[in-house]
Each structure stands twice: as C-alpha cells, then as structure tokens.
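Structure record follows, encoded as structure tokens.
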Amino acid sequence: MSLSFCGNNISSYNIYHGVLQNPCFVDALNLVPHVFLLFITFPILFIGWGSQSSKVQIHHNTWLHFPGHNLRWILTFALLFVHVCEIAEGIVSDSQRASRHLHLFMPAVMGFVATTTSIVYYHNIETSNFPKLLLALFLYWVMAFITKTIKLVKYWQLGWGMSDLRFCITGVMVILNGLLMAVEINVIRVRRYVFFMNPQKVKPPEDLQDLGVRFLQPFVNLLSKATYWWMNTLIISAHRKPIDLKAIGKLPIAMRAVTNYVCLKEAYEEQKKKAADHPNRTPSIWLAMYRAFGRPILLSSTFRYLADLLGFAGPLCISGIVQRVNEPKNNTTRFSETLSSKEFLENAHVLAVLLFLALILQRTFLQASYYVTIETGINLRGALLAMIYNKILRLSTSNLSMGEMTLGQINNLVAIETNQLMWFLFLCPNLWAMPVQIIMGVILLYNLLGSSALVGAAVIVLLAPIQYFIATKLAEAQKSTLDYSTERLKKTNEILKGIKLLKLYAWEHIFCKSVEETRMKELSSLKTFALYTSLSIFMNAAIPIAAVLATFVTHAYASGNNLKPAEAFASLSLFHILVTPLFLLSTVVRFAVKAIISVQKLNEFLLSDEIGEDSWRTGEGTLPFESCKKHTGVQSKPINRKQPGRYHLDNYEQARRLRPAETEDVAIKVTNGYFSWGSGLATLSNIDIRIPTGQLTMIVGQVGCGKSSLLLAILGEMQTLEGKVYWNNVNESEPSFEATRSRSRYSVAYAAQKPWLLNATVEENITFGSSFNRQRYKAVTDACSLQPDIDLLPFGDQTEIGERGINLSGGQRQRICVARALYQNTNIVFLDDPFSALDIHLSDHLMQEGILKFLQDDKRTVVLVTHKLQYLTHADWIIAMKDGSVLREGTLKDIQTKDVELYEHWKTLMNRQDQELEKDMEADQTTLERKTLRRAMYSREAKAQMEDEDEEEEEEEDEDDNMSTVMRLRTKMPWKTCWWYLTSGGFFLLFLMIFSKLLKHSVIVAIDYWLATWTSEYSINDPGKADQTFYVAGFSILCGAGIFLCLVTSLTVEWMGLTAAKNLHHNLLNKIILGPIRFFDTTPLGLILNRFSADTNIIDQHIPPTLESLTRSTLLCLSAIGMISYATPVFLIALAPLGVAFYFIQKYFRVASKDLQELDDSTQLPLLCHFSETAEGLTTIRAFRHETRFKQRMLELTDTNNIAYLFLSAANRWLEVRTDYLGACIVLTASIASISGSSNSGLVGLGLLYALTITNYLNWVVRNLADLEVQMGAVKKVNSFLTMESENYEGTMDPSQVPEHWPQEGEIKIHDLCVRYENNLKPVLKHVKAYIKPGQKVGICGRTGSGKSSLSLAFFRMVDIFDGKIVIDGIDISKLPLHTLRSRLSIILQDPILFSGSIRFNLDPECKCTDDRLWEALEIAQLKNMVKSLPGGLDATVTEGGENFSVGQRQLFCLARAFVRKSSILIMDEATASIDMATENILQKVVMTAFADRTVVTIAHRVSSIMDAGLVLVFSEGILVECDTGPNLLQHKNGLFSTLVMTNK
C-alpha cells in the first residue's frame, strides 16, 4: 500500500472549490496549532525560561496551583482520551481504503503529542511560578478551538451527524478546547499577568512553609495524586536508609487531630443542642460524624461507583474480542467515508485498547476511593481520640474510683472502639456500592446466558450467608483463644518471675506441664479457629466454581443453543465480579454491627459525669484578702534542723518557740462542706476548716477517716453537695526561693498517696513540664534522698522509668512523686501520706530537709496528710479527722488543752511507733531497695553491653560494605527463616501443602481449559444443538475435584501452621525453662515474655493466612502467565520487560513497607500508654493544672501515629496503582497478541480471562510478601532463643546410683572451689576451701559483691564450677544429674515467692506429701492457725505473687515449703533481709528447733543474726578470708568480721 498524506487519488488534492472545501486540507490545517505549540514550547522546556529570581524558593515545588488546576488536568485527560479515539477511528477508516490516507490520523497523533506537551509545559510553568509563559498555551487553545470548529462546520455541511463517529469526536474536541481556552482566560483574570501592571503575588500554603511537612498528597498535581508519584523519593530512598519519623515529617494542618477534633466537636455540640430540646433523646454521634466527614465519604463513594461500573468493561470487551476472533474473515472491504460508533466498537483492536484504558481508569478510581476513605478514617480516629482524651480530663473522679468507668474500659475505647469505627469507615462505600454491583452483574449475566444465569446467581446468594455464619464462629473462636492465651501468659509470667526458685527446687517440669496444659486448651481453640478459617477460604474459592458449574450445566440442557466462547468467558468474568461483593457483605455487616456497639459505648462515655467547675479552677469565688486576716492561734517558732530521728510531744513547747514569725493569712477556707463521691451520700460532712498561708498544716486520723478525701474535695475532685471552698489571692511580693520566680495564682503541687509516674525520664518526672533549674533540682533530689538511687541507674536521671522503663520500688516511686511536688513553683503543696512507703531514715530526712527546710523556708503553704504522729511537733496547724468529719482543728497546744483524751491517745500511738522505729532502724528498707535496683541494673547493663557490642559489629560491617551490599541486605527476603518455619510444621504436611496447592491450581486451570475446548468445539464444528454430555460430565468432574481440593489445601495450610506454632512454642518453652540462670539475669523479663505473647500470637494466627494468601495469589499469577503464554506464545516477548518492572516494584516496596509498618507499630504504644497514664494520674494532672500540656502531648502522639499509618496506606496505594497498571499492560499485550496470532476463540477467551485475573492478584503477591517478611521477624526472634545453650542436666552418675535418702548426714566439703557465671567472665569465687560438719549451723557474711550468694548458687550448680569441687556426703555434686541434686537440697531465698493457686500447691506442687505433713510444716512455721482460719484451709487461694499475704507471712510459707522437703541441708540466702525483726526472730527460732539436726547455711543480711553460728565464713572479693566461730573472729579486732560487726552497730 502506497504512503501519501491525502491518498493516491489526484482529486484529493483539488482545491478548485476553495481550500476549506477540501477535507484533506482541513485536516492539514488542524496540524498548525500543534506544530506551533511544539515549536514554541520545546525550546523553553529544554533550554530554560525566566529569571531564577522569579522562581519560588521553597523545598516543595508542587505547592503552586494556578486557578482551575484540577479542572485543567481533568479536561486534558479527557482530551487525550478523545485523541486516542480519533487516532483509532482514523486508523480503522484508513484500513478500509485502497491507499494510505495519513490525514485521517496524522493530525490526531500530532494533537495527542501536543496535548501531552501542553500539560508537561503547564506543570513546569506552574512549579516555577512564571505565569507569563502560559500565554503560549492560551494561543494554542484559541488556534485549536478555531481549527476544530472549522472542521466541525465542514462535516456538518457534508451532512454528517451524530450517527457518524468522526463528527461526534470533532464536536467533543471543540467543547474541550473551548473549555481549556476558558481556563486560560480565568488564569489571566486571576493572576493578572498579561496587560496588568501589578501581577498577583502568590504565597505558599501554610503547611508547606513548615519544612517538617513531608506528606504531599494534598498539594501535588492531579496526575501525581492519582499515581502517588510523589512517594517515589521516599520509597526508593528506603533502600539506602531506613525510613524514620524525621523522614515522614508532620501531618498537614487539615489532617491533624486538633483540626478534625474541632470539626467533630462542633457537629457533636450541635447534636447536643438538638437533643436538649427532646428529653428522651441523646445526641447522635452518627449524625455528628456525617456532618464532619460526610463529604469525603460521598467523594469516595462516587469514585467507587465509577470504578465498579468500569469494572464491567472487562467482561463486555472479552465478549466482543472473542466474538470478533470467532467470526470468519471477510476479505471484501466495504468502503465508507466515516464509521458509526457500532462499527467502531466491533473492531477487536479497538476493544483491546478500550479494555486497557477502562482498566487503567477503574483501578485509578478504585485506589482513589480507598485512599479517601482511609484518610477520612484516620482523620475520624484522630478526632475521636481527642474527644475521648478531652472527656478523660474532665471525667468525674467518682467514675473511676467507684468502678463506673474502669481503666480497662477507657483503654478499650482508645485501642478498640475508635479502630472499629475507623475500619467501618474504610468499608463504608461498600454498603451502597455492593447492591449496584450485584444488580448490574446479574443483569449482564442474564443478557448473556438467559435464565440459566439466575441459577448460578442463586447458588452464590444462597451460599453467601454461610460466610456470615463462619465469620461469627471465627469471632467466637478468637475470643476463646484470647482467654486461653491470657491464662497461658499469666502462668508463663509467673514462671519467669520465679524461675530461680523453680530451678533451685527442680520444679521446672511441673510448671512447664501446667503451661503446656493451658497451651493445649489454647491450641484446641486455635484448631477451631483454623477450621473456620479454612472453611472461609474454601467458600471463597469453591462458591464461584459451584456457581459456574450450576450455570453452564443448566445452560447446556435447558437452553436451545450451544455455549459459545464469548458467552462462557464473559460469564466467568462476571461471576468473579459478582462473588466479591457477596463475600464482602458478611465482613461489612460484621463491622457495621461492631461500629453500632462502639458508638453506643462512646456515647455513654461522652455523656458520663464530669467534674464540677470549682472556684479554684475558674479563678472565681475567691476569698477577699482582707477577710482572711483572722487570728488562727498559731505562734511562730524556728525549727531545729538537727533534731534527732525521734519526736516527743514533751519537746513541743521548745520546738514552737524556735519558729520565726510568719504571715497570718488563710490560704484555703472550707465552710459548711458536704462532699460526695457521686453516690449522693456525703462521704465528708460538716467540714469547716481553714489552711493558714505559708505554714505547715497536718491532717491526721485513723485509716479510712477521710483524710485523702478532704484533700481531693479541696482540689475539686469530689462532688460538692453543700458549702464552699474558698482560695485566697496570693501576695506576689513575698520573698521566695528564686528572686525572679513568679507563681501562678491558684497553683497547687500535689503528691498523691499512690505514687504516679510518667513513662519518661527521672528528670522529666521531677520537673513535670517546668523549666529546668540545676540548683533547685539538686536541692530537691537531695531533700528526697534520690541522688544515691539516681546514681545506680544506667543513664542517671535520664533513665526512662514507668511502664516502658525501669521498674522502681514503691519507696523510690513515692520519693520521685514528692520531689515533683517540691520542685514545682507553686504557692501550695499538698502531700498525701508521703511517708507511707519510706523507712524511718528517709521519712526523717524528707521531713527535715524537704518539708521543714525546703518548703517552709520558701514560705509555701504545706498541707500534709500523715500517720506519723511523731512529726506533729512541727505542725503549725492540725486537722484531726474521724469518720468523715473534722474532730479537732487548731495548734497542738490548743488540742492538748481542749481535748486531753485525744492528746493522750496520740502519745500512746507515738510510743508504739517509737518501738517499731527501733526495729525499722535495723531493717533498712532503703538499702534493700537500692540493692534490688543495683541487681536489676547489673542485669540490664550486661544485656545492653552485649547488644551494644552486636550493634558495633553490625555498624563496622555496614561501614565496610558498599552501598550495593547494604541495599542487598535490606531487600533480601528471610528465606532461611521461612524454610525453618515451614519445616517446623513437619515435612509431611509441607509436602502435602505443596502437592495439594499445585494439584488444586492445575485442576482449576484444567476446568477453564476444558471450558475453552468445549465451547470452541461446538461453536466451530457444530453450530446447532448438539449432545454435550461428554463435556458436561468432564466439566462436572473437574469442578467437583476443584471444590474438594479447595477444602484440602485450605485445611492443609492451616494445620501446617498450627503444627508449626505448636512445635515452636513447645521448643521455646522448654528451651527457656531449661536455660541457665545467667540468661535470665542478663535478659529483661519483658523481652522473654514478648516471645510468648506478641511473637507467639503472630506465629499462631497471622502467618498461616498470610502464607495461604501468598501461595494462592502467586500460583494464580503463575498459572495465568502460563495460560496466556500457551494461548499466545508471542506474549512471552512482552513478559520480560513486564517482569523486570514487577521485580523492581516489589523490591522497593517491601523495604519501605517494612519500615513504615514498624513505625506504625512503634508509635501506637506511646499513644496508648499516654491515655492510660493520664487516666491513672488524672487527679495529679488536674491539681497541677497541666491539662493543656497533656492535651498537646496527646495530639502530638496521635498525629505521629496517624502520619505513620497514612504513609503506610499511601505506600500500599503506590504499590497497587503500579501493579494494577502492570496488569492492564499484560491485558493489553495479551489482547493484541490473541487477536493477531490465534484463531481459537476459546483459547483467546481463556487468555483474556487469566489476564484480567492477574490485575487482581499481582499486588496481593507483593503485599503478602511484605507482610510475611515482617511476620517472619517473630519466627526469627523465637529461633534466636532456641539456639541458646541449655543447662547440662545430665551427670556422669545415673539417678538410680544415687542413694534414696542422699544427702542423709549433711556433710559438705569444699575443695579449692573456683566459680564464674560464664566462660568469658571473671571468677566470682577463687580457690575456696571449707569443711562443714553434719548438722552444723554455718553463717556466711561479707560486703556486697563479695561472693556470698554465688556460693549458695554453687551448691545447686547454678553457676559454672570451672575448678575444684563440692562434695556432699561423699558424692561430688558435679557428677549428679541436676534434677537429682536440686531436688535433694532446700533453700530459702531473700525474695519470698509464692505462685497463684492454693496453699497446698505452693507447699507441695509435686503432690507427694500427706495433709498431716503439710499441717506439721505450717505449724512449725507458725502459720497453722492463720491457714485454718482461711476458707478452704490448705486449698485456700493464693493470688499471683502471694499478694494476699504480707511479706513476713510469705517468707514463713517459704520456710514451711523448705521443711516439707525434709532435706538434710538448708541454705538461707539473706532470707531475713525483707522482713521485720519480729518475723526474723520467729524464723530464726523455727530454724534452730525444726532444723536442729540438719545442716543450715545462712547467708547473713545482718551480721548479728549469725553470731551464734557454729562456723562463720567471711568473704571478700570472692576469696574466703576468715573462717572460725563468731566469738573467735571477734577477737581479731582488725579482721573483716569485726569490722562488719562494728559497722552494723
């Protein structure tokens, strides 16, 4: 065919009747605007434009949008689509002519290029903010509009109309060019860049003036929005450097929690006003959410409708293409000047291109719908969290204290209910999109197959409710699993906390068995869960097969015609479309029900009682300054700062005379006060008190008399039934601690009775938002005796404490809370029983240095609630409480004069406290606390050191490697871990899973191939009605086999996952429980517990479905590629570049997704912790009036979590858009190849069907790969513990060789003993030699770290004995099996450990002893009467950790436990360190009598306790330096023992 612009006919070039009368020259005229634009713009684009000064200097170049920006992009895309149609129409028309007529499509091609150039040119001009250069575009649109109008008029003159496609295309282009011209005119009008002296200046949006904003979706152009092109930089950079919070920056203002909170709050307040007019109505949160977030949901729904409608283009185009391929080739070419729309759409190539464009648009709209709903859901969640937090800060204290609103309920609202509503919003568009999709699908099926299609639709509709039933059962099974999992974790936690005792008593197997029993119950529930999960997967796969089988079999026998390929494969595609919404229906309904329940809970919470607006909060109702100047009877005296630690009322007069004169003002006054906790009954009644300004007021009384309630009532935490609380104005001119300091008018510092700490550093807990002043900070820490404790912490006062940090003792926590109150720059300080958790030394120091010196010298008003009556001598004012009322108020002298009985009662109580003081002086609690903290720090430092060394090694390796190596490591899938997980499920199940999966997908491919053969056979060879029994039978058998294999594969995967989970947990538990004690010393408890909780949960419930989905989607994609290649081998040529593109997409996405997932997870915990710690410390926060600061912190944490989740969602959209576009390219390639190279219509239909399938599953392959990579991290963590070396439980002696009653005598010989904790550590005992006679009482002492406890551990082989030996009753303990050795000895540890269960279980977990023996042990331990008084006696309940017993009782239970064993050797490892003297005396007495004939080795906490021992061993730095009786050692005045005795006096 010859090539020419107007064809070979000479008349085509005739312009005799005028140029415009020649169609070819009119088409040539249309080239002029395009050539003009290309000629003008290309030099500007490639050479550069404008001066640099005209460009906006900002880090984001996408912010500037000229007027009509989005409209321009939409119109340009529409114009490009019309140009494609024009090109296609021209090519199809040209193909019907004898010679080539370039004018039919060449102008359209140039138009397409010019339009593309126009939008590129516009984008560059826009980002450079140089609008003057847009004049070229204005001229282009004017010229294009004119030329297209001339062409349209010419067609109209020829008599063409709406039935002619070319006329329609030209008309649409005239409209589009005209609209684009109008857009340019509007830009000129608004920006005033042409013919105006002062062009408009444009400022960047407020968001992008902040360099921290990195989320650019709202600011980029439409193309970048649709394709998430702006995400490329972040996702690609993840290979070089992990994505951190700095990389993702901050949220734009419109997406921040505070912005959405204001929006939702206004809508909710409007609903509250409407509800106020109707008493029985509550404000509707649903309507509030609709008002606030309805618009984006409607936009998302519109996108969804468009996507769903475009989704039906696939089946229709498949039908059209297969029909065209099936038609016999007609060699006679019918010439026509123009094509109709019907003729145009009958062209197979046109249909292929339209299918490609429809897929692109469908997937773009679908991802846009997903993004808008996710963004709206995130915004809703942020707003709800802010609303909940705002309510928490105003929540009535009685709601929390009286149990109406628990901390768990608040945490559920935050962690569960808000997420339920967010997920419901994600699924919302499905509610109204699904009915349209189902109706459209059924109508199209009916048009294709007639009434037989209704049979298949009926099968789907009837079977779909089963999915809802399965989903309900899944939820029940999950709840049951959670309950068992909680119980298992509780037991595991107990094991880990008491692991030292379990090992020493050789009880590991008993407790391990208990955990295994609970695990079996959990696994039973997991089996149910796995079964229903398998059924759900089975239903998803089997229902489409069943529907297709029913439809085609019905059609084969009920219809009068054979099944054609076009009908068959279009129907298959429609069935896949129809099944999806019906399956989603159950999920949407389930989430809708959950959302309704969540809204009910949220509404109840938001309508719950709030705290009253008291005068001290609002600044109103204050007591006039003048009326406060009433004499309070207080006489001023100086303080004796060097007063001893005992206080007597007899010294009162002397103490009072020493206090300087102070102001007589009243700081707080309560008149006729009646206060309640919300029940309506007054907890405090008839309260008339006054608190003098600048003085120390003490509130005293019996436990439960209302002292703490009085403080809280003054703070406004209680409900005021009657009366008033007045707060005095503050005299700002008073001298203060700092000359430059100014105090808040109603500022209060408050230390609660129950210490409350933030999850923050020690410094942040003390300063509590106030500016840091080093001098003041040091004074406070010294006053609270905190510096020695801070010095023990690994990072000093920068160490994080609280839930996520170091666990401090009660006393240490209490002192930090008191330090916080002291540090604050407030006029008034409330201290609620600050001495309760402190020993006498600390209490005395805090009273002297903290309260009397630091606070009183600063003339601050101090209100102190205390039981320590010995401090009453320092009180300026005393309030005595009894049964919720004020018993007495006044100075101590007033009370002594007016109420002698009360005064004498106080003196009696003080004498008792003095007696207890003598005992407490010996039982130094602070020393014990610091020792415990030191041990914890040692363990953490050791672990941290190991981790630091590992990190340093990794860093060195990373530095040595080049960038490509780092990228390779970041992108590498953990295949080794995957294989290890798969083999944990058993090789048989692994083989069965692989085999069944391959067989199932082979059968599914066979079903489709059989259908292709069936339809092709009868459509070609026998167009009439034929006997189809053979094909129907074969099709039915294959479908039945496919359904059966769907069930087998789903069950196999779940069962393999369950088996792997069972084996991994079993191995982990046994490895941990048999691990060396050193492992538990150096590994934080939370880290080990995390393996049994979060990691085990991932292995149990998350990996199996991910693995199933990954294998299914991968095999579907591979089978699709295989079938397409089989149908059209030419496709393989295009497969290579598509495969390369897919490889790089998944490679970059997996790394970025993993980082963003970790960021999302890591930012959730601080947010949840902030909510829980706010609820716990509500009274303190409100007392300090720090609500605003805490709100701001909550908003920051919410935004941080939201930005991480938003980026993760955007990354998922980035992936799905690209894989969807790749899928569309595969469809286009397959279509073109099928049309050009295949004459078998069945295979063409099959190839196109599988090509459409790929678009659905490509992104799932990558998503599942990314998820599996993250989840395999849990397996890797578990595996890291499984490689740990266990203790060597075997010995050279067989257990049967050990005498039954060994050790019977209790003789111990220590020969040159050397001990260390690990091979790479220094010895802790060096060449120790000692001999202990049978039945001898031995005392071991030494300074901290001298090796005392190490020796006790050596008896049980808990440490590495690398030299020397210990011989007990003639047997070297190194030869004994560990279980035998440990089961024959007894030990009582410093920390008394009891386990949850019964008293019987704690004494005899092996159930070997009779009740008489147990009662005998309890009687010896002085516990028999107490246990008898308990309900159940020996079977009485022991709570976790034995918390329902005192520390002393717990230690006595441990003694009884040791006696039950009746070992001839008892070791007491500082067993009396944590108990008082009275309990210690009982313990020593019992040991001397009950163990009179046994060997007792006592490691002394107090040297005085071993003075009467038959032998005393004194250690120093791991060496035995002294060995003799106590009296003999005391004779050596310079000896270590003598020094220790003198020190402890």
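Glycine is treated like the rest: Cβ placed from N, Cα and C.
Residues annotated as topological domain 'Extracellular' in Swiss-Prot: 1-30 (among others).
Annotation comment: Swiss-Prot describes 52-72 (among others) as topological domain 'Cytoplasmic'.
If you look up Swiss-Prot, you'll see 94-101 (among others) marked as topological domain 'Extracellular'.
Swiss-Prot lists 123-132 (among others) with the feature topological domain 'Cytoplasmic', giving sequence analysis as the kind of evidence.
Panel annotation: around the topological domain 'Extracellular' (154-167), residues 20-21, 23, 26, 85-86, 89, 93, 338-341, 343-344 of the same chain, lying at least six beyond its termini, place a Cβ under 8 Å from a Cβ of the stretch. The topological domain 'Extracellular' annotation in Swiss-Prot covers 154-167 (among others) and is backed by sequence analysis.
Computed over the topological domain 'Extracellular' (323-347), the whole-number mean pLDDT of the model equals 67. Annotation source Swiss-Prot lists topological domain 'Extracellular' at 323-347 (among others).
As annotated by Swiss-Prot, topological domain 'Cytoplasmic' applies to 474-528 (among others).
Positions annotated as topological domain 'Extracellular' by Swiss-Prot: 550-568 (among others).
Taken from Swiss-Prot, the feature domain 'ABC transporter 1' covers 668-908.
Marked as ATP 1 binding site by Swiss-Prot: Gly701, Gln702, Val703, Gly704, Cys705, Gly706, Lys707, Ser708. On its own chain, Lys707 (ATP 1 binding site) has Ile699, Val700, Gly701, Asp832, Asp833, Val865, Met881 as residues at least 6 apart in sequence with a Cβ closer than 8 Å to its own Cβ. Annotation note: Lys707 (ATP 1 binding site) sits in a helical segment as assigned by DSSP.
What Swiss-Prot lists as region 'Disordered' is 940-963.
Annotation comment: Swiss-Prot describes 947-962 as compositional bias 'Acidic residues'.
What Swiss-Prot records for 990-1270 is domain 'ABC transmembrane type-1 2'.
As annotated by Swiss-Prot, topological domain 'Extracellular' applies to 1008-1030 (among others).
The topological domain 'Cytoplasmic' annotation in Swiss-Prot covers 1052-1123 (among others).
The topological domain 'Extracellular' annotation in Swiss-Prot covers 1145-1241 (among others) and rests on sequence analysis.
Val703 (ATP 1 binding site) is 43 Å away from Ser1346 (ATP 2 binding site) when you measure Cα to Cα. According to DSSP, Lys1348 (ATP 2 binding site) is assigned to a helical segment. Nearest in space to Ser1349 (ATP 2 binding site), taking C-alpha to C-alpha distance over the binding-site residues Gln702, Val703, Ser708, is Val703. Of all the binding-site residues listed (Gly704, Gly1342, Gly1345), Gly1342 sits in the most crowded Cβ setting, with the most other Cβ atoms within 10 Å. Taking the mean position of the Cβ atoms of Gly701, Gln702, Val703, Gly704, Cys705, Gly706, Lys707, Ser708 as the ATP 1 site, the remaining same-chain residues with a Cβ inside 8 Å of that point are Ser709, Met881.
For the binding-site residues given as Val703, Cys705, the lowest number of other CB atoms within 10 Å of the residue's CB is seen at Val703. When Cβ atoms from all protein chains are considered, those within 10 Å of Thr1344 (ATP 2 binding site) total 11, not counting its own. According to DSSP, Gly1342 (ATP 2 binding site) sits within a strand segment. Most Cβ neighbours within 10 Å, among the binding-site residues Arg1343, Lys1348: Lys1348 holds that distinction in the structure as shown. With helix defined as DSSP H, G or I and strand as E or B, the topological domain 'Cytoplasmic' (1052-1123) counts 67 helix, 0 strand, 5 coil. Mapped onto three states, the DSSP output places Gly701 (ATP 1 binding site) in strand. Note: the topological domain 'Cytoplasmic' (123-132) comprises 8 helix, 0 strand, 2 coil (DSSP; helix = H, G, I, strand = E, B). Sorting the binding-site residues Gln702, Ser1346 by the number of other Cβ atoms within 10 Å puts Ser1346 first.
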